[in-house]
């Protein structure tokens, strides 16, 4: 109905946000490590080291989001803008999306769902670092293939645990620019409550299936990224 290129709608915003997101994450994480992990011996103070990594990772992710969240917002809105022709779509492109939402709701409209996004980042990082370290502790020293396999399982499970937060943030994003009866949720808490009351547990199970299929499509990328991240953390001076 919309042509082959419709599958890539919103991808430009995703590509633009990717590189600054990674650069900002690494830049801010080093700064936050100095704050949360300064003087901590990872061998003698493991739990403090672990908590510090979670805090620095979460803080870095939250800070990075402040800069790139509007692009993530635009990606979601453009991907959901499914008119058959350009004339029937809400937005003409990335710039038009950001401009229209800003005019309708101000800067706050471009950051709708930001708080729950930060919560999701913290939950995700806590899950995958915690599960990975626990699994590695139970299996002991393993070869590269086993470590990669553990990373793949941890990535999938962590994504499933945190995905409901992603569902809520995207629903909040979809409300920007809406008025009156078009607004379904008053705030994030109201969104959580209404989704549970009106759609029940299956609403979260549907997103879980989506997340699982997404992880299954790119296991090498997801697991390798996690494995290299954790390896670099453990080999760092902190």
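Residue numbering: from 1, along the chain as shown.
Positions of Cβ are set from backbone N, Cα and C atoms, glycine also.
Values in this document were obtained by computation on a predicted structure and should not be read as measured data.
Among the residue ranges 78-99, 144-165, 166-187, the one that TrEMBL annotates as transmembrane segment is 144-165. Checking the ranges 110-132, 202-224 against TrEMBL, the transmembrane segment annotation falls on 110-132.
Outside the repeat 'Solcar' (1-35) by six or more residues, the chain places 52, 55-57, 59-61, 63-64, 67-68, 71-72, 74-79, 81-84, 93-94, 236, 238 with a CB less than 8 A from a CB of the stretch. Per DSSP, the repeat 'Solcar' (1-35) is made up of 30 helix, 0 strand, 5 coil. In terms of DSSP helix, strand and coil, the repeat 'Solcar' (48-138) has 77 helix, 0 strand, 14 coil.
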